[in-house]
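*Asks:* The NADP(+) binding site annotation in Swiss-Prot covers GLY164, ARG165, SER166, SER189, THR230 and is backed by sequence analysis.
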Amino acid sequence: MDKILSGKTVAIDIKGQIKNYTEELKASGKSLKISSILVGDDGGSVYYQNFQEKLANNLGIDFEKIKLDESISEENLKLKIEELNKDDSVNGIMLLLPLPKHIDERAVTNLIDADKDLDCLSEVSVGRFYKGEKCFMPCTPNSVITLLKAYNIEIEGKEVVIIGRSNIVGKPLFQMFLNENATVTVCHSRTKNLKEVCKRADILVVAIGRANFIDSSYVREGAVVIDVGTSEVNGKITGDVNFDDVYEKASLITPVPGGVGSLTTTLLLKNVCKELD
């Protein structure tokens with residue numbers, strides 16, 4: 001039995017949906033446009049922005065790549081965001097983080113129009129999300145839920161354990177599992193008896209950024225294991241879960257790479273295709 005939950009496979013289907021949608025739009029004389037802002041020249045962010053651009057172009061979405069000098073003032077960055085907010089041709093805005101230390105990240109992200117905030121960064125967007133109002137879904141948590149549903153894995157009534165309580169993954173994922181009527185426990189660095197808690201999980205999600213931290217001793221026989229973490233070890237990308245050790249015990253498991261991360265950018269672009277929600 002193949003135990004692999006492949007984000008790549010699921011992404012192929014979603015990309016097809018996006019491509020069909022944008023072709024229909026263009027046939028009617030319309031188009032979609034995303035503006036992506038990069039401040040500075042962080043290597044990881046440069047790579048990610050280039051990847052976003054390539055994927056968007058392949059799927060028929062116009063992509064504006066905005067590169068700003070690391071020394072830009074906070075005020076000028078705010079002016080740029082306000083300009084994009086007012087531009088009716090821009091359907092979505094992405095601001096690559098982190099920002100330079102002299103810029104107040106919270107103040108800047110809160111300026112992004114919630115109706116264009118593809119990454120769900122602003123406090124208005126986050127508020128809408130937690131209140132269950134219409135908003136763009138946080139992409140990494142949404143990737144986890146999308147992957148589970150694509151493989152017809154039952155969530156309702158299941159015991160879910162999330163290791164990690166970050167604002168980007170753990171907390172919004174907690175809410176999304178609640179919305180699916182799961183019973184959810186969130187673990188963190190102060191959790192006592194972590195192994196015992198993890199062994200209760202029907203679905204175990206790990207998002208702590210510690211390479212190979214979770215081995216089979218944390219996993220209940222037959223559990224579904226979702227690895228959100230990515231770390232570089234000896235030049236290779238690896239996850240938070242010791243894949244080889246856990247594979248035999250899990251009923252299904254995501255690889256790293258090729259799992260959750262393979263879906264995130266695709267779902268980010270799908271966010272701008274509102275009729276596909």
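Yeah, the Cβs are placed from backbone N, Cα and C, and that goes for glycine too.
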*Asks:* For SER166 (NADP(+) binding site), what is the tally of other C-beta atoms lying within 10 angstroms of its C-beta?
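*Replies:* Taking all protein chains shown, SER166 (NADP(+) binding site) has 15 Cβ neighbours within 10 Å.
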*Asks:* Cβ-Cβ under 8 Å from SER189 (NADP(+) binding site), same chain, 6 or more residues apart: which ones?
*Replies:* none
*Asks:* Would you count the other CB atoms within 10 A of the CB of ARG165 (NADP(+) binding site), including those on all shown protein chains?
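*Replies:* Around the Cβ of ARG165 (NADP(+) binding site), 18 other Cβ atoms lie within 10 Å.
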*Asks:* Among the binding-site residues GLY164, THR230, point out the residue whose Cβ has the most other Cβ atoms within 10 Å, with all shown protein chains included in the count.
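*Replies:* Of the binding-site residues GLY164, THR230, the highest Cβ count within 10 Å belongs to GLY164.
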